[in-house]
Each structure stands twice: as structure tokens, then as C-alpha cells.
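Student: Let me give you the structure first, and then I'll get to my questions.
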């Protein structure tokens with residue numbers, strides 16, 4: 001017996017799917033219309049008169065968010081008494097590696113030019129810790145059949161996931177090299193190398209590939225809603241990033257796309 005292309009879903013899965021898709025549509029609309037989520041190069045633009053304008057150390061804030069995601073998912077796995085299948089174990093391993101990688105990058109790779117507002121860190125925390133904890137809880141609560149251990153869904157997407165991990169790590173290093181010297185620590189320059197020659201945000205594209213491969217492994221409607229949410233977030237953000245570079249950095253290559261090489 002094989003898994004269907006469209007996974008069977010209960011009302012909870014359908015509700016989460018529609019909520020995530022709706023949030024994705026709202027976010028891409030806000031980003032493309034210039035109402036950006038206020039962090040990174042868009043931070044100051046959105047903070048005038050905002051209630052949560054107090055700023056915090058970005059490195060520490062992101063590290064705590066990524067670490068709390070690991071701890072939260074580990075907690076629900078440990079204290080859930082149901083028997084874990086290879087499916088559950090592989091899902092947990094993905095989350096562990098993915099967020100340990102993020103913790104390493106935020107501590108040792110990324111160069112931050114600005115602090116982040118409470119609102120920005122709250123948004124990122126909800127997007128990562130809260131959303132993924134709920135999704136993992138759904139995995140543990142749902143009753144699925146023996147196809148949870150289907151080789152195709154569990155193993156075949158891993159090359160795409162690993163490619164995305166290494167690709168995002170490589171492009172994060174390229175970004176960090178721009179700000180290696182103290183003189184460039186808070187300056188924006190034109191990124192070069194890798195897929196930066198084709199798109200403005202290749203690290204987003206690589207991360208999108210990672211989550212797409214993971215969605216195939218999970219094969220649940222809620223996680224397909226999650227990948228729509230991620231795509232909308234990255235598409236809107238990369239659109240505004242490309243626009244910002246074109247408006248603020250002299251000589252920025254206008255042929256570069258936003259997110260997907262040669263397409264968008």
C-alpha cells in the first residue's frame with residue numbers, strides 16, 4: 001500500500017493548512033506593498049512611533065529563539081508516551097540538525113548591522129518556535145498507518161534537504177565575508193559569488209528547498225501549508241530586498257532575480 005499524493009487529513013490539519021496559507025498571503029501582500037516586517041535593513045523604516053520600538057541584541061535574540069525551538073520540540077517528543085516510528089525519529093532529527101545549524105550560524109557566521117525590535121523578535125519566534133511546535137505536536141497526535149515508514153517519502157528527499165543546508169550555509173558565509181572588517185561591519189555592499197550572481201536572496205532559495213524536501217518527508221497537509229507560508233514570506237522579503245538594493249546600492253545588477261534563479 002502506498003501513500004496518496006494528497007495526504008488524508010482531519011479537520012485540525014485542514015484548519016492549520018488554511019491558517020498558514022492565509023497568513024502567507026497576508027505577509028506577501030504586506031511585504032510587496034512596502035509594509036515590511038521590521039528587522040534587518042527594514043528595521044528603522046518601520047519603528048517610528050511603534051509601541052515595541054525598544055531594540056535588543058539580534059545575535060542573542062535569534063540564538064534564544066532557535067534554541068527554544070529545539071528545546072520545545074524535544075520536550076514534546078520526550079513527554080509523549082506513544083511509540084515512535086522511523087517517521088517520527090527522522091522528523092525529529094531534521095529539526096535538531098536544522099536548528100543546531102541555525103544556532104551555529106547565528107553565533108559564528110552571521111554579521112549583524114542592527115539591533116532588532118521586540119516586535120521583530122516576537123514575529124520570528126512565533127514563525128519558528130510556536131508554529132513548528134504545533135506542527136510537531138500534530139505529528140505525534142495523528143494516527144497514521146504503516147506508510148509512515150515508506151522508503152520513498154522518508155529517504156528520497158534527503159539529497160534535496162542536504163543540498164539546501166549546505167547551499168544556505170555557503171551563501172551565509174559569502175554574506176559574512178562582506179562585513180569581515182570593522183569598517184564594513186555596518187555597511188551594505190553588493191553580494192558576489194554563488195547564486196548571488198542570479199538572485200538577491202539565494203540563502204532564502206536554499207532554505208526553501210530544504211523545507212520543501214522536509215514537507216515531502218512529513219507528507220501532511222499542515223506541512224504543505226507551512227511550505228506555502230515560507231514561500232510567501234521569502235518571496236515578499238526577497239522582492240523588497242532586491243528593490244532596496246536597486247534603490248540604495250549604486251551598481252547593483254538589475255538582471256538579478258529576487259528568489260528563484262531565472263524565474264522570479
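Backbone N, Cα and C atoms are what each Cβ position is placed from, and that goes for glycine too.
Residues or ranges marked as domain '3-oxo-5-alpha-steroid 4-dehydrogenase C-terminal' in TrEMBL: 144-264. Residues or ranges marked as transmembrane segment by TrEMBL: 15-40, 61-79, 85-100, 120-142, 154-174, 195-217, 223-239.
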Student: If contact means at least 3 Cβ pairs within less than 8 Å, sequence distance 6 or more, would you call the transmembrane segment (154-174) and the transmembrane segment (61-79) in contact?
Tutor: no
Student: Calculate the per-residue pLDDT averaged over the domain '3-oxo-5-alpha-steroid 4-dehydrogenase C-terminal' (144-264) and state the result as an integer.
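Tutor: PLDDT averaged over the stretch: 88.
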Student: Same chain, outside the transmembrane segment (85-100) by at least 6, Cβ under 8 Å from its Cβ: which residues?
Tutor: 66-67, 69-70, 73-74, 77, 128, 132, 136, 139-140, 144, 148-149, 154, 161, 165, 210, 214, 217-218
Student: Hey, does the transmembrane segment (15-40) touch the transmembrane segment (223-239), meaning at least 3 C-beta pairs closer than 8 angstroms, sequence gap 6 or more?
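Tutor: Judged by the Cβ rule, the two regions touch, with the required three close pairs present.
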